Structure formats: structure tokens, C-alpha cells
Amino acid sequence: MASSLSSKAKTFKSPTKTPTKMYRKSYLSPSSTSLTPPQTPETLTPLRRSSRHVSRKINLGNDPIDLPGKESVEEINLIRKPRKRTNDIVVAEKSKKKKIDPEVSFSPVSPIRSETKKTKKKKRVYYNKVEFDETEFEIGDDVYVKRTEDANPDEEEEEDPEIEDCQICFKSHTNTIMIECDDCLGGFHLNCLKPPLKEVPEGDWICQFCEVKKSGQTLVVVPKPPEGKKLARTMKEKLLSSDLWAARIEKLWKEVDDGVYWIRARWYMIPEETVLGRQRHNLKRELYLTNDFADIEMECVLRHCFVKCPKEFSKASNDGDDVFLCEYEYDVHWGSFKRVAELADGDEDSDQEWNGRKEEEIDYSDEEIEFDDEESVRGVSKSKRGGANSRKGRFFGLEKVGMKRIPEHVRCHKQSELEKAKATLLLATRPKSLPCRSKEMEEITAFIKGSISDDQCLGRCMYIHGVPGTGKTISVLSVMKNLKAEVEAGSVSPYCFVEINGLKLASPENIYSVIYEGLSGHRVGWKKALQSLNERFAEGKKIGKENEKPCILLIDELDVLVTRNQSVLYNILDWPTKPNSKLVVLGIANTMDLPEKLLPRISSRMGIQRLCFGPYNHRQLQEIISTRLEGINAFEKTAIEFASRKVAAISGDARRALEICRRAAEVADYRLKKSNISAKSQLVIMADVEVAIQEMFQAPHIQVMKSVSKLSRIFLTAMVHELYKTGMAETSFDRVATTVSSICLTNGEAFPGWDILLKIGCDLGECRIVLCEPGEKHRLQKLQLNFPSDDVAFALKDNKDLPWLANYL
């Protein structure tokens, strides 16, 4: 990553598209002043809401403005000067047609179908360039956008000083060179510094006030401005403190009806607005390009800023105060990052064009566009109009690929109670609260706080185990979410949190790369990552610009990291024992006795602190389902109780209970639609739950398990028993055969022999009940159940020929 704006002399930035007339290492003092150096906020700023799609309400005043009879027209390279909006035009438009409130038109809530009206689509004329308020804007430009809707545009301009005040003398001189601090981004005159500087030094430069703070001294004497002097903040300071927005212009158009100019903005985010917050590797001027778009009026655009890639950013030492770095894109929906694909600037002038999809809502033929007097006088030809509306060479992301317009009747459809219940009971839906696990969550919270609150933070490990579907992972994530809020409030010391799921790793060794990326933000190979992590946790060396903060490492599916020599688990669990590691490890697995199955040197580090999540009983399952359905009247209480008791008797898996209730809601919805009965007055009854249970527990694969031979049932029971013992979904034929031999010997059954067992395993593989490797591997053949172990237990638990199978299920 490119280094920050180090030791640069700031240069005055004119509000044009590209910086011109710049002086090398000199600057006629541009923007930024305040008593304290500008700092980015320490707390996360809420993400932009849907109200951002509505532009600021412009105060046009009450005095009428006389319009000239005829306006002059200029046309240079398809650059058009928009006319000023006046009160007369707005009043005339209101008298002709009732305007829709922007807050209503952009509301994310689907209106009732009876309230919707079919309105004619607004006609638009698109441009590549527009001159607005004596400033030229073009597709692909980066601009500042007002964030406060009720802000006065005149005040905004007055608060944007063209020449920045010095942080020491609080004066602005047009003939004095200034230098910027790489830590606080404050500007200083060279002769105001102590000792004064004769020229701008090379490399990073930090002001004397930041040096005192970094040295650990609490008493820092910061100069105060003279009495009566008004301190004004620059656009850069407002953006980094979340008082302004930055955006990239994707489209430019004018509404033909009212003559208002609009832009399609693609938003930038500062690191504080992402889910991870500001990390140690983030630069002061770093922004993220998001996949969040909005349509706003040109009145909300203030002026240009300049967002550059790392290569250009490293050469922008003298390009002014409005230069920022963007190296990564940020997905606001998934909270993920990826590198920005750098597009060549010359693509727009190339002969090859992008064949973009025609958009129904914006493309119109020449006959449909009714040009006003200004356009008719200009006599724009069809070829020129097409050139102005095309987006030649502009392709910023794949946000519209594969999209299909949703019919109006679907948008206007109001969800019934059953439809709301089906959406709420989905496993992907995050619950508002987590019932029945308050005791476990309190224990996890106390463990983490005790590990990170002490100044002498020593590493600790906690092993969390329990059968699947008992809320282990979601409980830990809920605790971390609550601790994050306490960190923002200042009641808990800051920490670094890294979450890893073992099933998402290509190999156990890749966990080193994931941990290193979570700490440094860079992705390297696992060998180099292991070396750096050993230096970090064993020797106490920093990774990059890392702060001295504890690290909390959450590893889900910990048993996946078990290798032949168990070196991966040993390294991870050995790091917390080092004096300067400040590492807290939370391991989650399904097996209770996993530490006892590992090497003694690993179990001694892992098995000290344990927390067990037992299966849910029927009352807890009933409370979980009722909490999900709070405010939705779709189920009878007896139906919820019936589903809870049925699942609690088999496995106590909350996910299975939610799936049964969701399927019961689908059955009830189908039944009501088939009988033409209003769904508003009907609820899910016990019969619907019974149908869902029959579908789930009497599926074809369960019927096959019930009908297999006696030895096949013993073979499946041995696989389930082996799964419960080891916690590993995958096992070998050798282990299963040993378990079958032990089960047969204990219960007086004759052991069939290895060859017969191998044939039974292959037969179950042909039925797809078991996933297995080719039989030629014999004893080394790997086996795995193709269905949940609960289904096997349900199919074989009540077997009359072999009643003792229930003891192993």
C-alpha cells in the first residue's frame, strides 16, 4: 500500500476537474484549521439510510424572480449550462401536476396495492458532461456531497476556506509554504515550527504535538486561537469526521419535466463506517468504494475531490488537500472487501464500446423526448443526442447484470401472517434476542472481560462444546456484539476480533493466513504468516502498524484443525501461554472429550476452561420459537408445543424445530389457498405440524434406512456412534469395523467379518446413504454419512429386531 501524504507541502486546490498550476513543494496555504488537529471519529458511524436517496430540500425563497423572454444557448463539446431553478417554475409545475413527496416516492416500504397509481415515467436526457454553477462535472468524477439535509448552501461555502490557517499562528499567508503532519493532517507554516524549517523534509513528518502525545506525556500544550476568531473546517476534515459524503458520479441527466439536473452517485465510505471499523493498516486519507448507489440532485454536490489509486496517490504530494486513497471496494451487504480493478483512463476514447443493457426506466426514443425551448433552438441532432446519453467506456461494477424488473403487483403485495412467519423462521434470519442461553453468555462475557481488562493481559483458552444446534456459535457472536458496544462506550478496553470457521479452510494450515490477514489486512502464504505470527505472539513483535491491543480469536469447528502430527492446534493453543502474546482463544466443537483425544501437550493447554451447551428441552425450544414469532399471530400454542416436544425427544436441535415450524407454515398456507379460506383468520394447527414431521422424518432416505438388512443397521449405528465419540463427520472403514466388532461382542451378535462389512459399506454407498471412497482402498476407505445423524437415530431408534441399538444412538 502506498504510504500516506508524507512530508508534503500542501498546494491550493481550485475547484476544477484536475489540479492545475501546482507549485513543487510549495503551497499558497489551502484548507484546514482548527484548535486541535483533525481526527477521525473513534466510534463507528451508522451506515447511510434510505433517506439518502432523497436530495436535500432546496430553499428557493419566497420572492418571485422574473424570467427573461429568451435565454442564450451555448454548446461546446456537449457541455450544457443548466438554467437556474426559480420559484415561478416550481409553482407552475405544482399547479399543473401534483408532485409526489420525495420521502414517499423513495420509501423502502411497499405501499398498499389500492394506494398505488400508474404514473407516466419521467423523461430524462443523459449527458457525459455538465457545467453547473460555473463548475464542470463529468461521469467518473469524485465529488463532495452534503450530508445535512437542512444545511444552508451559503454557510457551507463560507465554511470552506480556500486558504488554510496555520495550527500555530492561526493565520493564512498567501506567500508562505506550509507542511502537513502525517499523523493529525494539520497544516503548519515552516517558520512557525520550533525549530523552524527552511525546506520541506523528505519522508514522513510528524508535528511536535503528535510527537509529544506518542511519547506518552499527558500534558500537551496546544496553541489556542485568538478570541473572537471563528474556526472553519475544510471539506477534508468534514468528510473524515462523517459530516460530509464523498461519491463518484456514475450518471448525469436532466429531468425533462422540471429541468432539474440529477446524478447517480456511488458512495465512498471512511473506514469507521465499515463493519470492522478503522484498522491499524488504514491510512488517514483512505476511503472505500462501495456498491451503494443513490440518485441525488446536483444542488447537493459541493465541489470536486480526488480519489486516487495507490500508484497515483504516492505521487500526489503537491496535489492539494482534497486527495484521498482508495485501494479496496467494500460490499455494504456482506461486509466484505476486495481490491479495486483499475480501469485505464483512455478507455473512454477507445473505438470499442461497451454494449450495455438498455434500461427501461431511463432510455427513450427521440420521439418520446420533448425538448424545451432551449433544446429546440439548439437543434441537437440525433447522433449528438445519442452520444450525450451513451455511457461509452464507463463500466463500474456488475450491479445490474442479471437483474430482472419486479412486477408491480408483487411490489404492492402485502405479506400475510403466514408469509411473515415463514420469513422469520428461516435459519438465515438473525433473531433479535437469544433466549435460554443467558447463563452461558454471562460466563463467556466474564471470561473475555477478565482476559482483556487486565493491563497485564495474559493469554487464555476456552473450549466450548455441545451437540449441533444448541446455539454455541450464535451465543459467542452475540457476546462479541455486546462487547463491541461497550468498547464504543468506553467501558471496555479495545481489542481485535478474528472469527474463523474451520469448514471454510482449504487446509488446516491456511488458518495462519486468515489470522495474519485479520491482524494486518494483508494476505500472504501460510508459511510466511506462521513465521510472522510466531514473532508476534512468541516474541512480542508488532505486525505492521499494530497497536498494543489484545486479540480474541474465535475458531468454530475446531476439530477440523486436527492433523496427523497436530502441529496446527499446538501452535495456536501454545501462543496464549507466551508472556507477551495477549491472545485469547475461543474454540468451538461438537465433541465433549476432544481434548482427551489429543496429545497431552495440547490437552493441557486446551482443557482448563470448558463450557458445555446441553441439548434444548421442549420448554426451551418452545420459548425459542415463540420469541421468533413475537408479534406474528400465525401459530396455535399447541402446534408449537407439539413440534418442540417431538424435536426434544429426538435431538434437541433448535434448527430442526425451526425447520419443522417453517414447513408447517408452508403446509398451512397451501391448505388455506386450496380451500379458498382467508389466511388472516386461520392459524397453523397441530395437523400441519404433523404433516411437516412426517415429511421430515419419513422422507425416502429414512424409509430406506428402516428397510435395510440387520447388519446394515448395525453398520449405520456404528458410524453414528463413531461420530459422537470423535466429533468428526468423516471416518475410516477400519474404525467403523472395530466399532461394529465391539458392539456385536457386547450384545451377543456374531461378527460378520471384514469382507462382508466392506460389501455392506459399498451397498450403502450405492444407495447414497453413505458417502464412501472406492472399495479397492479396503481398510483405508473413508466413509461419511450423507444425512444428519438425527435422521439415522430416528430411523433405527425404535427397531423391534435390535432394540439395543437405541443405546448407541
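Indices start at 1 and increase along the chain as displayed.
Using N, Cα and C of the backbone, Cβ positions are placed for all residues, glycine too.
According to Swiss-Prot, the region 'Disordered' annotation covers 1-69.
Each residue in the region 'Histone H3 binding' (160-185) has a pLDDT score, and their mean in this model is 69. Here Swiss-Prot flags 160-185 (among others) as region 'Histone H3 binding', drawing on similarity to another entry.
The feature zinc finger is assigned by Swiss-Prot to 163-213.
Summarising the environment of HIS189 (Zn(2+) 2 binding site), the number of other Cβ atoms within 10 Å of its Cβ, over all protein chains shown, is 21. The Zn(2+) 2 binding site annotation in Swiss-Prot covers CYS166, CYS169, HIS189, CYS192.
The region 'Histone H3 binding' annotation in Swiss-Prot covers 201-205 (among others).
The feature domain 'BAH' is assigned by Swiss-Prot to 223-341, with sequence analysis given as support.
Residues annotated as region 'Histone H3 binding' in Swiss-Prot: 316-321 (among others).
According to Swiss-Prot, the region 'Necessary and sufficient for ORC complex assembly' annotation covers 431-799, on the basis of similarity to another entry.
GLY466 (ATP binding site) has a Cβ environment of 21 other Cβ atoms inside 10 Å. In the three-state DSSP classification, GLY466 (ATP binding site) falls within a strand. The feature ATP binding site is assigned by Swiss-Prot to GLY466, VAL467, PRO468, GLY469, THR470, GLY471, LYS472, THR473, ILE474, GLU557, ASN590, ARG655.
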Closest of CYS166, CYS169, HIS189, CYS192 to GLY466 (ATP binding site), Cα positions, binding-site residues only: CYS166
Listed binding-site residues (CYS166, CYS169, CYS192, ILE474), ranked by Cβ neighbours within 10 Å, top entry: CYS166
Cα-nearest neighbour of LYS472 (ATP binding site) within the listed binding-site residues, CYS166, CYS169, HIS189, CYS192: CYS166
Check: same-chain CB within 8 A of ATP site center, minus GLY466, VAL467, PRO468, GLY469, THR470, GLY471, LYS472, THR473, ILE474, GLU557, ASN590, ARG655: ILE588, PHE613
Coarse DSSP state, helix versus strand versus coil, of HIS189 (Zn(2+) 2 binding site): strand
Sparsest-packed among the binding-site residues, when each Cβ's other Cβ atoms within 10 Å are tallied, from THR470, ASN590: ASN590
Rounded inter-Cα distance in Å - CYS192 (Zn(2+) 2 binding site), ILE474 (ATP binding site): 56
Candidate binding-site residues CYS166, CYS169, HIS189, pick with smallest Cα gap to ILE474 (ATP binding site): CYS166
Span of GLY466, VAL467, PRO468, GLY469, THR470, GLY471, LYS472, THR473, ILE474, GLU557, ASN590, ARG655 around ATP - largest C-alpha separation, Å: 17
